[in-house]
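Chemist: Relevant sequence annotations retrieved from TrEMBL are reproduced here:
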type	residues	note
DOMAIN	A:9-154	domain 'Ferritin-like diiron'
BINDING	A:E26, A:E59, A:H62, A:E103, A:Q136	Fe cation binding site
Amino acid sequence: MKDLVRLRTSVKESVELALNQQIQMEMVSSSKYLAMAGWCDRNGFDYSAGFFYKQSEEERSHAMKIFHYLSDQGGTAHSPEVPAVEQEFDSLRAVFEGALEQEIAVTDSINRIIVICRRENDFATDELMKWFVKEQMEEEYIARRCLDLFDQIPADQIFELDKQLASVTYDGAPFGE
Amino acid sequence: MIVSARTTSSAHAVEIFRTERGAVYQCDATQRLILDFWDTHTALSTRDFAQFRRMVNTIDVQQMALSTGSAYDVEILAPPRSERCYVLTLCEIIHLRELLNGSQLMLDLNSMLRECGCSLTSIA
Ligand SMILES: [Fe+2]
Ligand SMILES: [Fe+2]
């Protein structure tokens, strides 16, 4: 008796489900960042707005990375439903706090997918997820560093703060990228 | 594509799961799964079978059970790329779930056996 399921795809159903959920999560992130960008834009934080527009694009590219992977492996990738996201924020700081919380949630989710991959002996998806592990280190670092700046730069220098926030980068030192 | 399970099953198809209400056969020659449910025979690719199972599993049966509106009495489902259309009551959905999920379990078992170098052929 042929193994029809394996002939169709290398991705087990549990992994396919987890990856589809991750596609959705990345698209939700993209939508949240777009809302943050919009808020920054209309409140005069031009640099932060630019930062979040870029983040929003990046999150969409993360979703697409998984979408293409799943399709290429013979799985079924679903275009996700993206629920309404918060459009208003109390302050610039609240925006960045929201960003860090979102990144932490994504990191947790990526880690859970790796646990599923290892349980299913799916080393190809595990390999893809390793890219995301590094990406999340970077994302969390940047979001945390941004929040530090709120304490380091006096509140009356809001223009300078906005500028500095958008220039935070991560050099990926531990992995020598 | 709709085929008669009899012509297919006699030559190549192997029964992989059966309940009181139906059965699922696997045809190695066409690489199709044949769903035999309430006197209907529908041949589906594994992808379409997986998609159909997802459709059946995601029906909100709780809402069907609790709602009094006639719109919730039945669910109309069409397996992907087939001419079949099922009009299912709550009970039929539960039966279909049992059949599809039981079949999936056997397909997964077949995958596990293949991974460790065994085959279901000797059993079937
Ligand atoms: Fe992401
Ligand atoms: Fe991110």
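Cβ coordinates come from backbone N, Cα and C, glycine included.
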Chemist: Which residues, same chain and not among A:E26, A:E59, A:H62, A:E103, A:Q136, have a CB within 8 angstroms of the centroid of the CB atoms at the recorded Fe cation site?
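Modeler: Output for this site, in sequence order: A:M25, A:S29, A:E58, A:V106, A:F132, A:E135, A:E139.
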Chemist: Just the binding-site residues from A:H62, A:E103, A:Q136 whose C-beta lies under 6 Å from any atom of ligand 2, please, or none if there are none.
Modeler: A:E103
Chemist: Summarise the domain 'Ferritin-like diiron' (A:9-154) as counts of helix, strand and coil residues per DSSP.
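Modeler: Taking each residue of the domain 'Ferritin-like diiron' (A:9-154) in turn, the totals are 115 helix, 0 strand, 31 coil.
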Chemist: Tell me, roughly as an integer, the mean pLDDT over the domain 'Ferritin-like diiron' (A:9-154).
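Modeler: On average, pLDDT over the domain 'Ferritin-like diiron' (A:9-154) sits at 97.
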Chemist: Taking the binding-site residues A:E59, A:E103, A:Q136, which residues show a Cβ-atom distance to ligand 1 below 6 Å?
Modeler: A:E59
Chemist: Within the chain of A:E103 (Fe cation binding site), which residues six or more apart in sequence place their C-beta under 8 angstroms from its C-beta?
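Modeler: Listed in sequence order: A:Q136, A:E139, A:E140, A:A143.
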Chemist: Around the C-beta of A:E26 (Fe cation binding site), how many further C-beta atoms are within 10 angstroms, looking at every protein chain?
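Modeler: So the Cβ neighbour count for A:E26 (Fe cation binding site) comes to 24.
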Chemist: As a test of the contact definition, list every same-chain residue at least 6 positions from A:H62 (Fe cation binding site) whose Cβ is closer than 8 Å to its Cβ.
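Modeler: A:H62 (Fe cation binding site) has long-range Cβ partners A:E26, A:S29, A:F132, A:E135.
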Chemist: Just how many other Cβ atoms lie inside 10 Å of the Cβ on A:E59 (Fe cation binding site)?
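Modeler: Around A:E59 (Fe cation binding site), other Cβ atoms within 10 Å: 23.
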